[in-house]
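Inspection log for the structure reproduced underneath, given as structure tokens.
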Amino acid sequence: MQPPPRKGNYVKFLKNLHTEQVAKLQLKNQHECDLLEDIRQFTIKRSAVEKSYSESLLKISSQYLNKKIPNIPDIKMEGMEERWNMWSVWRTVLEENEKLARARLAAIEVFQQQIADEAKVLRDYKLAIAKRSLAGIVNVQKELHLSVGDVDKTKKSYFDEEHCAHDVRDKARDIEEKLKKKKGSFFQSITSLQKNSARVTSRKELLEEKSSGARNDYVLSLAAANAHQNRYFTVDLQTTMTTMENYVFERVAEYLMLMGRTELLTCSATQNSFGKIRDQAQQLTREYNLQCCYLFYPVLKQHIQYDFEACDNDPVRKVTAEHESAAETLTKEAKNLAGRVVKENASIRENAKKLALCQSLRDSGQRTDPNDPNGPDLDTKIEEFRDQIRRSETEKTKAEACLQCLRDGGINVDEWVQEAENMGVQELTRSASSISMRTDASGQGENPSSDSFYDSDKEETQAAAQTKPKQEQQLSRDRTFSDSEDEPEVRPSAAAASSAAAASSSMMASSAGGWDDPTEVNWGAGEEEDDKDEPIVPEPKEAIFKCTALYSYTAQNPDELTIVENEQLEVVGEGDGDGWLRARNYRGEEGYVPHNYLDIDQETAGSAFNGTSGNQLRSQISFSSVDYTVDNEDQTVDSMQSPDQVSVIMAPQKRVKSDVEWCIALYDYDATAEDELTFEEGDKIKIITKTAHGVDDGWWEGELDGKFGNFPSLVVEECDEMGEPLSEGGDESPPPTAAPTFALPPAPALPPEYAHELELELTEDMFGSQDTADEDSGYIPNGAAAPSIPPPVLIQEPGMEDDLSDDGQPPPSLPPPQLAKAGGSAPGSGSKVEKGAAAGGANTLNLGMAQIIVTAATPMVEDGADKSFPPVGESDAQPVEPVSKEQPAEVAKKPDIAPKPLAKVAPQSAPAKEGNAGVRPVVSITLTEYPSCDAEDQQSFSEGTDSASVADVPVLQDAEDPFNEKAKGESGDGSGFEANFEANFDANFDDAFAGIGGGGGGGGGGGEQSNELDINGEAAGEAIVSGSAAGDEDIEAPKQVVGGRASIPEELDSNQLAHYHEHEIYYVDYSHGQL
């Protein structure tokens, strides 16, 4: 056959070639079957002429010698051992039988039993299997036609685009030459030439970009087609030929060897003749016979490969990413191809396992699968699995060829391949689902749609229909290889969602009486238990405790459970340890749910899970636990906080890092080399080094049971000496039952008349107007308090356990904090703090700092790392109200004392719940006492406060220097505070304070400052600090804003966003006339 033409349709030529190949394969099989039939008939007829052996054998031998035998020549080369194909040997057999016809009387019976019968069975099987094999190769050829058809399409498009681009390039070159010569025609000026040059240049760039894209498509389709051709020739065609042969060469050789051996035993007279037949038959091999067949049928040896055909001397021969759009498209293509390779590898492994299982069942005598007796037989299943493996291998080969093509073009495909392989390893612990919710122990993950639910009144078949897996779609070449978009998220109707929410609300109301208050935990008992060294008690498997669903979740796998927001559930197990728990609903259905979707009942959990294992489970679903890092580390959020119940936020006990590192095995691993370790899941390994080969290639060196070796880091997880996994920040989670303590400075001793008055007013503001809130709509009128006031959030830093006694009260040396009125009442009501005399004649003008704590519900997931705070356009929706003259709160100013550091609070993620309308933040102010000031400062303060006019106080702008670098250099006492502040809030200062109406500033001669905090859409309070100190500079204390909009999920609608913007946590530090 001639090679494919350089010009023309590839598909047409390929179809003709494949048709001829199928015909020759069928002819080859027919020849083999004819040969088997000839051997069988020959043996039978020899047996029939036993009595007249000599005469009849001579006649028969001559008959078959005269028959037209395929003249497949032998390969004869100088210096090469003489060899024969099976047709030549058969011809030798006939010739020798013609001479030795009389010696075959004794061997007729042996021939009849061992040759004739088996040859008939083999021939019938070959005829039957040839039909299936030829049908299969035709289907494979059709797939190859599609791939080559893509080459024709992309080639045509490339030639068209390149022709256009080439013409425009020539035209642009002519215009540029005319411009260089500055010579126009009689009817054309230089200006018109310049305009034409600009127009033609822009058109040239556009057409070159199109030509480049068409060339890239052509190169990619060419690579895929060539890879498919390689696969077809080396695998599909060879497999079909082997299947059709069914060891016919070996069987024929066996038959002929048997003939020769029998004849030698029966007749010494024929020893020489049949010795020759035997020797030739022993040299029969499939390889040599195929070589002879290839020589006789050259079309079977024709292997087609396509080369890139450049258009108009195009110098580019590979994929290029010269243009931005091409680079982006090729990068996306590389990512999709890498994902397809990993996917096809997984499919090959899975189908190979199924194929091995079916083959073992067939070898054991089974005809059908015992697990599927009504299904197809094992042979059909085996063929299906083989075909699936073949398809997967073909797709994998094409994808790898395209990846290599992209790699040759300078595209970074190795990064995507590594990422796809890592994702494949990480997803081994869960069943395959592209939209299943996967979370870690910290509760961070993709927040599912808030309106996902199930209706308990519907039939179970509807729920099963929602989770039914979709059939895999066949993707074309120009589509993405990723199948993540083939499974859209199922969203029920709004009416069904509202009915389910109403049903769950009524169920919540009936069971709310049994909920525990997390603030009533016996902290003293918890401390005593922590001090004791108790043995680790394994968690009982049958422990059951109640919990509440914080969000709705639709099951994506058969082993998961669909839950509705506020639904009462029972947790019956810890799941597989990757952020899932096994729960049971009121209908008795059990399944896995994400643990951070649950709000656990602490009392029930405490009674059900005792000891260390209980604490571990409770820490997974704790109401709130916040990690704090001080030494320039990012703040992390470990879990979620229920908006209905506020728990104690604690700073964790920092882990004392050891010089020895440990890791625990997540999977079994068998060593593949002498320098590797073999271990099983759960083994604890001591890490020697993380750069086993001198570079960070993902292999670690460790010690297990006294044996040293290397192992992959992907199958292990770092842990401590006890085998407990380490958290992301390297610190252990704090014990959930630790008691809250205060770490604030001593409170000032206010005059009795003011202290009593402030306490009464604060109590009235917090609890006086609870019944006026609109619970149904979630709207809180001005001046109205929330229906329920959660306790304030308290802070505990490491080393502060000694600040409280066992009963939770401050020690005698630390006076209790005094309460001051917070700006939570209606406008027009306020309080004024004035100086007074303390007992013992000491100077009582010691107010230097005030701390405002607002506790409110905030969303659970912090996905607003790249959002501004507040969001764009929100500052206009909530304008800052002017300062009221009736709401000043004047405090003393001491310029020589820097503020002491406050305990810092990290943003606490809490779920977004629309049902908690009416929850309103609680504000508490703690006044901090500083050392007494002298008489001159008191006089200066008195004069400044009496003469200051609140009406003249301007609204502060955003601070340009929030950290007051100059003040940091002059203040020694405040250095610790600012170091801690910068470490925790420098990263998110711009996002946290962008758009807030209010600021701070200070000058050398003192000043007046104000700040308004917008809480629940109204002015919640103002803090105005005035003072005068000539020649002294004010030290501006940095501001802290914790929580708020930065962690609101993206899928909340506009009214939900407005609701959560009303619940913020602000910290304001007042010291020396600064906000």
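From the backbone N, Cα and C atoms, a Cβ is placed for every residue, glycine too.
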Region 'Disordered' per Swiss-Prot - which of 384-409, 722-747, 982-1007: 722-747
Three-state composition of the domain 'SH3 2' (658-721), taking helix and strand from DSSP: 3 helix, 30 strand, 31 coil
Positions whose Cβ lies under 8 angstroms from the region 'Disordered' (361-381), at least six residues beyond its ends: 354
Counts of helix, strand and coil residues, the region 'Disordered' (361-381), according to DSSP: 7 helix, 2 strand, 12 coil
Counts of helix, strand and coil residues, the domain 'SH3 1' (542-603), according to DSSP: 5 helix, 27 strand, 30 coil
